[in-house]
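Listed in Swiss-Prot:
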SIGNAL    1-44  signal peptide
BINDING   ASN88, TYR91, GLU92, CYS146, THR181, ASN233, ARG238, GLY249, ILE250, LYS251  Mo-molybdopterin binding site
Amino acid sequence: MKKIRPLTEADVTAESAFFMQRRQVLKALGISAAALSLPSTAQADLLSWFKGNDRPKAPVGKPLEFSQPAAWRSDLALTPEDKVTGYNNFYEFGLDKADPAANAGSLKTEPWTLKISGEVAKPYTLDYDDLTHRFPLEERIYRMRCVEAWSMVVPWIGFPLYKLLTQAQPTSHAKYVAFETLYAPDDMPGQKDRFVGGGLKYPYVEGLRLDEAMHPLTLMTVGVYGKALPPQNGAPIRLIVPWKYGFKGIKSIVSIKLTRERPPTTWNLSAPNEYGFYANVNPHVDHPRWSQATERFIGSGGILDVQRQPTLLFNGYASEVASLYRGLNLRENF
């Protein structure tokens, strides 16, 4: 696989950068107008950093057995673990970036059932142990780009989605793959309270074209940093599609269904003019409310010292995936 442009040491997110001290915040308030250029959701998340010195404590996941294929040992500089497990979008547990780590401990991941159905010859079901033992696991270092114009680099652990789909034997009628998150309002407060959950319709649903789902980069993810996923990152299994914006990475999946028609997707249903079905990372197609030309790679020194870097087409994976969209107008099909 072609090497992807490495980030520099200056891009690394330092351990001390994630939450600002109260004293730093007081100094920062005098020039906080700079934050107003960020997306509205990001502005709210910056305010959540002001709540105190203590960062949320992520549950410790069990160690996983996995390989580290040479093809995925990228030169990319990793975002530290506490950033990835402490700065999340998972509206089922609240709108602020710190809410999932603070609230997702209520999520019950054992037992778990993942059903594969629809336009397949051999539908089947995976249980909790199957998720980490049915298919060989491997670590892959991927860029992660949020539609809010911030990014991370994460060592995910999982298996290619095509292995799961191939075992189900898709029929000739299968054109798309539909995903669905667990619906458990008692464990996921955002599903019960529209104010907590951002007014979205739950359960969260996502979808891919079948060829996108079968691409070797598309990963069913069960771990991060050598351990099982913590709840706030989508335990026990989530989707990672590294050339797409992060909201395509549906979490805590209970259903994968192959379909003839394009499935509905949560953010597209909520705001179709802002969030398309494809959601490919594209610096030339702005969000209606902010630019996608650059991104914030959270760095040392806190929120006021974050450096911006150019956004890469398909998040740096163009050589692998651009052929999937040959002849497709990416501005119209965003």
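In case you wondered, yes, glycine gets a Cβ from its N, Cα and C as well.
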If one looks at the chain holding THR181 (Mo-molybdopterin binding site), which residues at least 6 apart in sequence have a CB under 8 angstroms from its CB?
GLU92, TYR202, PRO203, TYR204, VAL205, ILE250, LYS251, SER252, ILE253, VAL254
Max Cα-Cα distance in Å among ASN88, TYR91, GLU92, CYS146, THR181, ASN233, ARG238, GLY249, ILE250, LYS251, the residues listed as binding Mo-molybdopterin?
19
Here the 10 Å Cβ neighbour count for ARG238 (Mo-molybdopterin binding site) comes out at 23
Taking the Cβ of ASN88 (Mo-molybdopterin binding site) as the reference point, list residues of the same chain whose Cβ is under 8 angstroms away and which are at least six residues distant in sequence.
LYS97, PRO100, ALA101, GLN232, ASN233
What kind of secondary structure is ASN88 (Mo-molybdopterin binding site) part of, going by DSSP in three states?
coil
